[in-house]
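As annotated by TrEMBL, ATP binding site applies to K81. Annotation comment: TrEMBL describes 335-344 as compositional bias 'Low complexity'. Marked as compositional bias 'Basic and acidic residues' by TrEMBL: 353-363. Annotated domain 'Protein kinase' per TrEMBL: 53-318, in sequence order. Taken from TrEMBL, the feature region 'Disordered' covers 313-363.
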Amino acid sequence: MALGRVELEREIPAVNLDSMACACLAGGVELWALHAKTKNFSYNELRAATNNFHRSNKIGRGGFGTVYKGILRNGTEVAVKTLSAESKQGVREFLTEIDTISNVKHPNLVELLGCCVHGPNQILVYEYLENNSIDRALLGSKRSIKLDWKQRSVVCMGTARGLAYLHEELVPHIVHRDIKASNILLDKDFQPKIGDFGLAKLFPDDITHISTRIAGTTGYLAPEYVLGGQLTMKADVYSFGVLTLEVAWELYEEGKLLDLVDPELEEFPEDEVLRYMKVALFCIQANASRRPAMSQVIQMLSKNVRLNEKELTSPGFFEDSGGASGKPSKHKSSETSTSHQMSSVPSQSLRWLQDEMIHPEIQ
């Protein structure tokens with residue numbers, strides 16, 4: 001035990017980020033440019049903050065690493081994201097995330113506080129958000145929070161504002177590429193913040209689309225991106241639509257539109273819930289050009305514009321060889337050239353729901 005304490009207190013110098021960038025480039029890792037203006041934490045500081053990355057402090061795990069809760073010496077709570085040392089994609093994700101959001105500030109984006117490079121370890125340090133991610137707090141089998149409709153609508157609206165900022169206010173614009181429930185975090189007031197920018201892509205003003213290999217999470221991926229590798233901002237819009245439907249309902253049941261609402265919602269304004277579901281359907285239309293921009297989505301959610309349901313076209317989704325499933329598929333992260341994806345929303349649900357929008361019979 002004494003030896004462990006001595007080792008913990010011995011300061012280990014941090015690796016210069018520019019040196020790491022050069023090493024990564026030499027190894028063939030793609031990089032836009034690393035201009036990180038962020039705090040460089042020492043490895044020992046983060047090891048002490050997380051009690052040597054103890055499993056009791058683990059608050060999340062993704063395809064490229066694990067997230068721990070930590071407490072710095074000054075008492076600040078942080079989220080410490082360690083990237084897998086074995087994954088080349090993990091290195092790329094690490095550099096991408098720093099380069100993308102080190103200077104980006106918005107109330108609905110998770111703030112990057114700093115980073116650390118120590119040998120094979122690449123670590124990102126974020127602000128700590130008390131109420132975890134949407135999937136764990138709201139959608140999981142071990143859900144820990146019961147949110148009323150007002151709180152859920154705040155989650156949807158805040159996420160929309162964060163995306164609108166990335167897509168339309170930042171220059172160059174940013175496409176997140178992995179909008180999903182586990183990447184939307186909730187602070188102490190249940191305000192949503194978009195996190196995990198490791199798959200993000202920059203879009204200069206004169207670029208309308210990028211041809212790239214498919215990356216993201218099955219069920220949230222836009223059909224044109226899955227089939228052709230053509231990435232636009234409308235891919236994020238599609239993912240947002242799926243997310244909004246998830247927030248509004250939990251399990252599909254036959255019946256009218258409002259039967260899709262999460263049964264834990266004891267009281268809710270029917271007209272507003274219907275509006276959110278309709279907006280989600282506009283976002284997941286198969287034709288990307290028909291999907292609204294995120295600034296338009298905000299207006300649609302806030303009742304500032306009338307929804308013309310006659311303009312709504314079929315949702316985009318793909319089924320595997322097994323055909324339509326009556327249950328939501330399990331989301332799987334991927335970065336492969338697959339030509340199939342299962343929507344997180346059951347396919348027959350989307351068909352029925354879209355038909356309800358065009359031929360509503362709700363009384």
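Any Cβ shown, glycine's included, is placed from N, Cα and C.
Whatever TrEMBL says is automated annotation, not expert-curated.
What you are looking at is a predicted structure, and each value in this text was computed from that prediction instead of being measured.
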Inquiry  = Using Cβ atoms only, which residues of the same chain lie under 8 Å from the residue listed as 'ATP binding site' while being at least 6 residues apart in sequence?
reply    = G65, T66, V67, I123, L124, V125, Y126
Task = State the mean pLDDT for the domain 'Protein kinase' (53-318).
result = 83
Query = DSSP three-state call for the residue listed as 'ATP binding site': helix, strand or coil?
reply = strand
